[in-house]
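If you check Swiss-Prot, you get these features:
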- 1-23: signal peptide (SIGNAL)
- 62-83: disulfide bond (DISULFID)
- 106-143: disulfide bond (DISULFID)
- 185-207: disulfide bond (DISULFID)
- 206: N-linked glycosylation site (CARBOHYD)
- 239-266: disulfide bond (DISULFID)
- 279-320: disulfide bond (DISULFID)
């Protein structure tokens with residue numbers, strides 16, 4: 001992977017780390033210090049908005065990442081040509097971005113675009129194979145649609161905006177809210193440890209669960225139509241000829257379609273399947289024909305430094321390969 005893309009993927013990793021624990025305090029403290037709505041500084045809360053509580057507000061940086069609902073304002077203090085904000089919600093949520101106020105000069109080359117998912121140097125999540133819309137329809141350009149599309153909802157728990165502002169003082173204000181997603185499909189995990197169940201009820205689509213960490217992952221339950229158990233098949237045999245299966249992918253980029261197939265599961269197996277993946281990015285992907293109700297339950301944890309320092313001794317092979 002190119003050094004620039006690797007650096008940007010590491011930026012996402014740093015941002016995800018900053019969303020956890022004490023690191024979040026630093027972001028919120030900085031947000032309060034730069035709050036463009038000082039009269040609400042004392043009442044703004046980093047928690048998700050509750051009914052009757054004031055809307056959380058803060059300024060946006062040129063490059064930013066948010067996991068909070070609220071109202072966010074970007075005002076250019078100088079010419080800003082390469083800006084982006086990454087949004088991430090809980091796995092079971094959609095993200096809605098609403099334009100409250102936009103003051104940009106489209107004729108001069110300003111840009112304000114929403115992208116349904118995340119994209120870095122052409123690598124997308126969800127991939128083109130997994131998203132219900134073609135790539136061109138995943139972009140919503142304010143300069144093309146104006147306020148006729150004032151609210152834009154994502155198809156999964158991540159979204160982003162790109163913007164370019166030439167004139168100092170110009171910018172925009174958006175309100176970000178989340179809505180429940182009864183059957184979450186494509187997901188980026190905010191945390192390096194967790195447990196999740198992907199369910200796809202009679203829908204012909206693919207779902208990817210993304211973990212941007214090296215992890216140990218254990219698949220404890222798999223239901224693919226009439227199958228009740230698990231079998232791990234080496235990728236040379238493959239499950240591609242079967243309409244419903246689960247893949248484990250590893251890589252260093254963002255796009256699951258460009259990642260290495262480590263293993264696939266499509267037949268019964270006694271007991272859980274467990275493996276360690278030393279890649280920067282691990283994806284569990286479920287392919288569904290639409291003929292069945294498919295379900296996979298798994299848990300994952302971030303690998304410890306000592307496990308990565310001695311990969312062969314900890315069942316982690318080279319080139320991000322995994323073993324049982």
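Placed from the backbone N, Cα and C atoms, the Cβ positions cover glycine too.
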Cα distance (Å, whole number) from the residue listed as 'N-linked glycosylation site' to residue 239 (disulfide bond): 14
Residue among disulfide-bonded residues 83, 106, 279 with Cα closest to the Cα of residue 207 (disulfide bond): 279
Secondary structure of residue 83 (disulfide bond) (DSSP, helix/strand/coil): strand
Inter-residue Cα distance where the pair is residue 62 (disulfide bond) and residue 106 (disulfide bond), in Å: 18
Reduced DSSP assignment, residue 106 (disulfide bond): helix
Cβ contacts of residue 83 (disulfide bond) (under 8 Å, same chain, 6 or more positions away): 62, 63, 74, 162, 163, 164, 165
Distance, residue 143 (disulfide bond) to residue 206 (N-linked glycosylation site) (CA atoms, angstrom): 32
Euclidean distance between Cα atoms of residue 266 (disulfide bond) and residue 185 (disulfide bond), Å: 19
DSSP-derived class (H/G/I helix, E/B strand, else coil) of residue 143 (disulfide bond): helix
All-chain count of other Cβ atoms within 10 Å of residue 266 (disulfide bond): 23
Rounded Cα separation (Å) that holds between residue 143 (disulfide bond) and residue 266 (disulfide bond): 46
Between residue 266 (disulfide bond) and residue 279 (disulfide bond), the C-alpha gap once rounded to whole angstrom: 23
